[in-house]
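Chemist: Got a structure here, written out as structure tokens. Questions coming.
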């Protein structure tokens, strides 16, 4: 026994502090794999930097999130370097402003839509940039006779298994598509105004929809069935998101609130902090979310606090609009799931990358990525290898300004990662 302790002591002396921290981090991840709470953690990166401790690897792991199989919070901002503007790929095909887009769960395809009423114009292949599928639109009232939408498409969502794609338009309709073939499967009706937000509950075919009619509806896509309607917002709903829990979050436009809807309990939590219309929202993980408003503010929320944990005012600076100084509107937000990396868009000629610091109580600006036009949609790939932006000459919800020099397009922004010897090069899954 004494000899073993002496050998262990000698080995500990020979191990550098950095090596010890790395060993403990790997040991912690292995223990989590054996517990099975977080799925396969082999694809998770170990944080780079001077102190890859288990605490840094697992800075966030709420109890509720663990029960739903959420991975831990990963410090991915440490691994991303400023993108080279020359490396941004531009995909052209839409004639009018791009309003929304999604990336397939395997990161191989991008689905986009625009004000020209065409769906999946196109379905794009990420590697080659080729258009794989185009579904043309038609005249209003002819939706039953042709495949596409007949009005502006404002939102879309894809199921976590990549099977179903959902799209919503100004004409109150939700269309369900086979993502592989681009064949339309069903049309949901029931909203009384434009459908402005869609999200599939992760791991299921349950679909949440939000509308300018101020309500949220729940659908079972696999059975083509309506489930229920939830009321509460006092103004149009402009955005919606969800993860694994049976709940969703919404942005309530000019009612100035963000809401968390607990579906089984039929209850809602109300959050306030923006001064203007809240136009976009996304969950970061099961406990935190981010939202943007037309007062130029970017808010970071914890689901247990009614006020923002952090608020960046004038996040994209100020503009001179008809002789008046006012903030650039935040038109899109994106979060790399279960990480500390965020992106925001406006029409300020750049997309901004942000870091959630100090336990989600601080927003730190990282870099600007030059892009001209209204950034109407932003999505990180599941791997974290790239960011996709939907660009238009106009805002997705109106025609307040027009940026003539902008190109209606899809921009694929590669996110360079620092090479480290401490872990895999791929980023965490979404």
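From the backbone N, Cα and C atoms, a Cβ is placed for every residue, glycine too.
On a predicted model such as this, the values are computed, not experimentally measured, just so you know.
The annotation region 'Disordered' is assigned in TrEMBL to 1-20. The feature repeat 'WD' is assigned by TrEMBL to 91-119, 146-187, 188-229, 230-271, 271-311.
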Chemist: Go through the chain and flag residues at least 6 beyond the ends of the repeat 'WD' (271-311) whose CB is under 8 A from any CB in it; none is fine as an answer.
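Modeler: Beyond its ends, the repeat 'WD' (271-311) has Cβ neighbours at 60, 62, 64-65, 68, 70, 73, 235, 238-245, 249-254, 256-260, 317-318, 326-335, 337-339, 342, 344, 346, 354, 356, 360-363, 397.
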Chemist: With DSSP as the yardstick, break the repeat 'WD' (91-119) down into helix, strand and coil residue counts.
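Modeler: Computed counts for the repeat 'WD' (91-119) are 0 helix, 15 strand, 14 coil.
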Chemist: What mean pLDDT score does the repeat 'WD' (188-229) have in the model?
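Modeler: Averaged over the repeat 'WD' (188-229), the predicted model reaches a pLDDT of 97.
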